[in-house]
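S.K.: Features from TrEMBL:
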TRANSMEM  12-33  transmembrane segment
TRANSMEM  92-112  transmembrane segment
TRANSMEM  119-141  transmembrane segment
TRANSMEM  147-164  transmembrane segment
TRANSMEM  185-212  transmembrane segment
TRANSMEM  224-244  transmembrane segment
TRANSMEM  256-275  transmembrane segment
TRANSMEM  287-312  transmembrane segment
TRANSMEM  319-336  transmembrane segment
TRANSMEM  342-366  transmembrane segment
TRANSMEM  378-396  transmembrane segment
Amino acid sequence: MPGEIEGVGVVLLRRSSAFVAVLLSLCVALIYARLQTQGHDWGDDFGLYLQYASNIWNGRPINYLNSQIQVPPGFSFLFAILSPLHGWDFQYMKMVQSAFIGIFGVAAYFLARQYVSPLVALLVCAATVANEAVFFIQQSLIPDTPFSAIITLSLVATSRLCFLDGDGGGADRRQTYWMTPWPGLLVLAALMMKPAGMTIALATLVGLFAALVVGRTRGASRPVALALTISLISIVYYYVAWNASSGDFVNNFLRYLKGYDSIVVGIASFVWTGLQRELGDIRVLLLWFSGTAVVANLLTIVAFASAIWVLLRRRGAAPVEWFMLAHFGLMILTPWGGGPRYLLPLLPLLFLHVAYCLETGVGAVLGRSAIAVRSPNIALIAPSAIAVLALVPIIWHGANEVYGNRHTDYNEIDKPDVKDLVAWLDRNTTDQESFCSFKPRAMMYLTSRRTCYSGAWQDKSLLSEYIRKSSAKYFVVMSGQKDNPDLESTRRAAADTSLCVVFENGSFRVYGKCDQSADAP
């Protein structure tokens with residue numbers, strides 16, 4: 001009887017915590033959606049994705065206006081499908097991002113439940129969604145939010161398959177086979193969102209293969225083998241049909257090594273620089289800019305130490321841990337810094353591994369101590385209590401940061417001077433002409449014109465020579481000194497006597513060849 005009561009209690013706790021996690025994630029998503037504002041910042045990448053979406057919706061080639069930079073089409077395809085609902089309105093489009101925060105939180109809970117108790121898993125969910133970095137990132141129309149949600153869902157599905165018990169009868173077998181397509185389909189969805197999806201692809205293949213080799217699946221080897229096959233087919237399909245990789249990584253890496261006499265020293269410096277950069281980004285991801293580096297570094301060390309321990313303990317059948325190491329390693333080796341948004345998929349994994357280390361570690365210590373003999377209830381409760389005490393301050397810190405920044409307006413493209421500039425460029429250029437800009441992708445979307453980057457002149461002797469070789473009609477710069485992302489271009493344009501100002505307002509200045517006619521400034 002006590003065992004039955006305990007079993008009922010455990011079931012009720014598990015179900016109630018799952019319900020609360022879903023409700024919490026939904027509420028946070030609705031709050032974030034309510035706080036979304038019109039317009040967008042100068043993040044620039046959003047322009048490329050939205051131009052792709054517009055091309056898809058209007059039946060144009062996907063690389064119309066842009067043939068130099070290729071990105072996977074999944075994020076753009078999503079907004080093209082939803083365009084009848086959002087009408088290309090920035091505020092409504094950003095609400096789609098908020099919806100993925102809800103999915104992200106729910107997936108984080110169910111992934112954490114495979115490691116920790118229901119209450120601690122609920123706190124992992126809360127720490128994931130009540131986070132200033134999450135709140136900030138989901139206000140930009142970039143694929144990192146849906147990418148992170150899809151990654152977490154994929155890890156939930158793959159982890160469950162890695163520890164299946166196929167001896168439970170026909171119903172269990174049917175449920176087992178029903179799960180087999182999901183890892184592959186979700187990996188394909190992640191790859192269609194970002195090229196960095198290669199890390200979840202690698203983790204899925206290695207995790208499922210290891211589960212087969214070490215015999216973790218107990219009678220469910222066939223469905224796991226089927227899931228592995230489907231995943232492999234999905235990955236091959238993506239790289240055959242949508243190969244969006246580029247040579248930027250290799251080119252930048254080789255350019256970096258040219259500054260060193262020794263290749264070994266150059267590689268070591270490259271890795272060390274990337275590691276320092278990513279540790280700084282993890283601090284911002286976990287605790288935003290107000291958090292201390294010591295606390296963030298301690299959480300990071302504990303999380304990755306726990307991940308390595310689990311990986312060894314499960315003899316490689318651990319897709320979550322493979323993904324953590326692969327994704328963090330890729331970010332270290334990436335020669336350009338993308339900030340904390342590139343690390344967003346790691347956020348719930350860092351929290352759950354900190355909680356897992358505390359809950360499992362303290363539980364193991366108590367289990368071998370006299371406390372377990374004298375006070376078994378304390379030995380049962382203490383591990384979860386320690387994890388709770390560690391997560392609650394993090395949740396409080398994140399929620400407080402979100403609350404303090406809830407009314408921050410990041411809108412930069414809807415200001416009068418920007419609209420004035422866009423209208424002038426629309427009148428003075430055709431869809432066959434181009435101009436150089438400090439934010440080429442954003443301006444491409446806003447003006448529906450081909451653009452080039454104004455900062456790329458640095459390899460040329462004269463700015464006018466760069467404009468000529470770029471076949472650009474105009475050169476657009478910010479006129480002010482403050483918060484100018486390309487101040488040197490502004491100075492060089494002013495110093496080039498072969499260029500004349502053809503348009504100017506309070507924020508922007510447009511240069512053209514002095515013999516070139518245009519509307520009056």
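Including glycine, each Cβ sits where the backbone N, Cα and C put it.
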S.K.: Which one, 119-141, 147-164, 185-212, has the most C-beta pairs under 8 Å toward the transmembrane segment (342-366)?
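M.R.: By the under-8 Å Cβ criterion, the transmembrane segment (342-366) pairs most with 119-141.
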S.K.: Is the transmembrane segment (185-212) close to the transmembrane segment (224-244), in the sense of at least 3 CB pairs under 8 angstroms with a sequence gap of 6 or more?
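M.R.: As far as Cβ distances go (cut-off 8 Å, pairs 6 or more apart), the transmembrane segment (224-244) and the transmembrane segment (185-212) touch.
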S.K.: Check the transmembrane segment (147-164) against each of 12-33, 319-336, 378-396 and return whichever range has the most CB pairs under 8 Å.
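M.R.: Most contacts with the transmembrane segment (147-164): 319-336.
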S.K.: For the transmembrane segment (378-396), could you work out the same-chain residues 6 or more beyond its ends whose Cβ comes under 8 Å from its Cβ atoms?
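M.R.: 116-117, 119-120, 123-124, 126-127, 130, 286-287, 351, 354-355, 358-363, 366-367, 369, 371-372.
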S.K.: Within the same chain, where does the transmembrane segment (119-141) have neighbours whose Cβ lies under 8 angstroms from its own Cβ atoms, ignoring anything closer than 6 residues to its ends? I mean 6 or more beyond.
M.R.: 13, 17, 20-21, 24-25, 28-29, 32, 36-37, 40-41, 43, 45-46, 49-50, 79, 90, 93-94, 97-98, 100-102, 104-106, 108-110, 112-113, 284-286, 288, 340-341, 344, 347-348, 351-352, 355, 359, 384, 387-388, 391-392, 394-395, 398-399, 401-402, 405, 410
